[in-house]
Amino acid sequence: MKMVQLFCSILVLLLLLPTGKPEIYIVTMDEEPVMSYRGGVPGFEPIVVDSDEKIDTTSELVTSYARHLEKKHDMLLDSLFDHGTYKKLYSYRHLINGFAVHISPEQAEILRRASGVKSLERDWKVRRLTTHTPQFLGLPTGVWPTGGGFDRAGENIVIGFVDSGIYPHHPSFATYNTDPYEPHPKYRGKCEVDPHSKKSFCNGKIIGAQHFAEAAIAAGAFNPSIDFASPLDGDGHGSHTAAIAAGNNGIPVRMHGHEFGKASGMAPRARIAVYKALYRLFGGFIADVVAAIDQAVHDGVDILSLSVGPNSPPATTKITFLNPFDATLLAAVKAGVFVAQAAGNGGPFPKTLVSYSPWITSVAAAIDDRRYKNHLTLGNGKILPGICLSASTHPNQTYTLVAANDVLLDSSVMKYSPSDCQRPEVLNKNLVKGNILLCGYSFNFVVGTASIKKVSETAKSLGAVGFVLAVENDSPGTKFDPVPVGVPGILITDVSKSMDLIDYYNISTPRDWTGRVKNFNAMGSIGDGLMPILHKSAPQVALFSARGPNIKDFSFRDADLLKPDILAPGSLIWSAWSPNGTDEPNYVGEGFAMISGTSMAAPHIAGIAALVKQKHSHWSPAAIKSALMTTSTKLDRAGRPLQAQQYSETEATKLVTATPFDYGSGHVDPRAALDPGLIFDAGYEDYLGFLCTTPGIDAHEIKNYTNSPCNYTMGHPSNFNTPSITVSHLVKTQTVTRTVTNVAGEETYVITARMQPSVAIDVTPSAMTLKPGASRKFSVSLTVRSVTGTYSFGEILMKGSRGHKVRIPVVAMGYWR
């Protein structure tokens, strides 16, 4: 009988214990967060009255209400679960009301059904998605002088970076050569102290530095020896993006004895606030990212730069606009913070964007006008093109070519892939010294286990005068960037040219019957790859840059909202790097790196937005976004329509005429953005109206994430007052409206519109006069002429009598019904 009782007791205990593997969940709660609390909780007065009202997050009312929310989170968890069976990671109080918790799936089901819980979602992972670009964008001559020069550009604007941290000792962030930074009038973030040196991460320019890793630790992904339990950048990415947006002006970029120009941020005097939530090997977790954003807005940042996004639409959510991440950013914009987010690197394929919502400025990546080229001259007179940032071999002199596989010390080392030239100890120094070493570009370079930097180091340690790296197999999607190296070197990226090199080498290299080389007779010389060539065909949309159409749900159905919003430089961008950084194997231990991605484009827009914010301090995030978009350009430097890199039938890269799905409104023009003439403004209620009129979104789901009922309507989501028009399902005729506000002197605007033939467009009125500060509505009618099964593109142009030009893209797909 006792045995039966014992068995029953054990069974009851097993049923009570969590059984599934614990996971991280993000929970949202009933009561309103700080940023939208309108009263209703006994003992707490309303914090906001107007939907776009700015609040003082240091007030006693705010701090006490935030404590009340956190207490409710703790009480709920304590009432449901035994102490020690769960771990709360964060309480979210300011932008959303909720928390992140590490619990079992069984506990999650209990929590999902608990009173006061609105939604529960499993956490998901995200990933990380400049010497020349200031000149390319016209900042030194056209923008910085209007704000008092580079040494005042961005004064008192705080840019928050949710990224991989910062290397605070980099000259791009130093203060010893600048005017002293006064205490900031409104920023209230904190500065963590380096656990080893005990020094603060802040110096006046870096004004805040915190790290967020609770979710990464709970998931078992965090490794303190390489990820650093501090704001220190263990990757390089965070330092790179921070310097693009707000790095000091005129910092020499020196590597391997060469200077590649002087680096500068877009807003060199702006302050930097670091919120580290991304890590080297695994990227980051949304629970940590949301905590970082929540803290950044509470601390008082003006701009958020996010070079981070999901790999695809979050699997836990049905609607792309409604999840803890996008809802947090909506609340950030409501609080007056401009958000720039990388559009994603999944291009050139359609619907690859990972930045979806109308309140976010989604940034695509462009190639600017700088290209680096080099060449290898063979002894037979052939000249083979390639890339590598290196000096030439000695002028008017040729050198013997020796292949790595022909200079092995021992044939047994073949297991080490010696042709990669990653291990100098397996090669015969006596045969390599004074010659050019030939190496093969294998799959190891693609996955990052081999690097061009290491090839250069191998050649140097063996006494080679230089190296050649030949690509023998073309892997679709592989992009080759020029890499700075310490000895003359070249990467031959064209497979057919690599074959020319190999054929010449084999013909010129006699062997005995065993295959051993008798004499190395092939000769060659490496050209100078250090000087950039400036092209007029810039900018172009980079191959990797994610493309529209934008999607509204998991079924990849098209949204009535254009994305990306804007194009900015994102290819081969020189900027600061962390010597600890290992994200790019070619820049391990270096102080600068030249890398590509929409991750580099987003901080360009964040920094330029800081310049606009400096000049127009009271503008809303939507107004800043509008100024950037309506003044952008659809033309390259030669005055031709923008082109986009695309794959050809043979998977080589070709150029096609770009569309708004590639570049949004166009390539950013900072000078014009400071004086846009008209703006398309929008506030919190407009964003709610967009959500509430988007088909397929449940009003209950909107209330879960925004704490607001669907009392806002605009008839159709295309009526949302954004500086673009998108109708994804146009039947017969549809009329949309827009409202413009004059932010300049009195001006008369003549309005014209054009569209591809399958859709007719008409604008009413055809002209309008606006006094300073006045707003006027206009309507746009789109009519199906023919059904083509593809989108039609067009634009509306508003030309002002005082010289302003306001342009918005129009995108529509016609259906018979």
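Cβ coordinates are placed from backbone N, Cα and C, and glycine is handled just like the others.
All annotation found in TrEMBL is predicted automatically rather than curated by experts.
Quick look at what TrEMBL annotates:
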- D163: active site, charge relay system (ACT_SITE)
- H237: active site, charge relay system (ACT_SITE)
- S599: active site, charge relay system (ACT_SITE)
- 25-127: domain 'Inhibitor I9' (DOMAIN)
- 154-638: domain 'Peptidase S8/S53' (DOMAIN)
- 398-493: domain 'PA' (DOMAIN)
- 719-811: domain 'Subtilisin-like protease fibronectin type-III' (DOMAIN)
- 1-22: signal peptide (SIGNAL)
All-chain count of other Cβ atoms within 10 Å of S599 (active site, charge relay system)
28
Just to be sure I understand, if DSSP states are collapsed into helix, strand and coil, how many residues of the domain 'Inhibitor I9' (25-127) fall in each?
32 helix, 26 strand, 45 coil
Looking only at the domain 'Peptidase S8/S53' (154-638), what is the mean pLDDT?
88
Students should find that the Cβ of H237 (active site, charge relay system) has, within 10 Å, a number of other Cβ atoms equal to 30
Taking only the Cα atoms, work out how far D163 (active site, charge relay system) lies from S599 (active site, charge relay system), in Å, as a whole number.
10
What whole-number Å value do you get for the CA-CA distance of S599 (active site, charge relay system) and H237 (active site, charge relay system)?
9
If you draw a 10 Å sphere on the Cβ of D163 (active site, charge relay system), how many other Cβ atoms land inside?
29
Helix, strand, coil residue numbers for the domain 'PA' (398-493) per DSSP?
34 helix, 24 strand, 38 coil
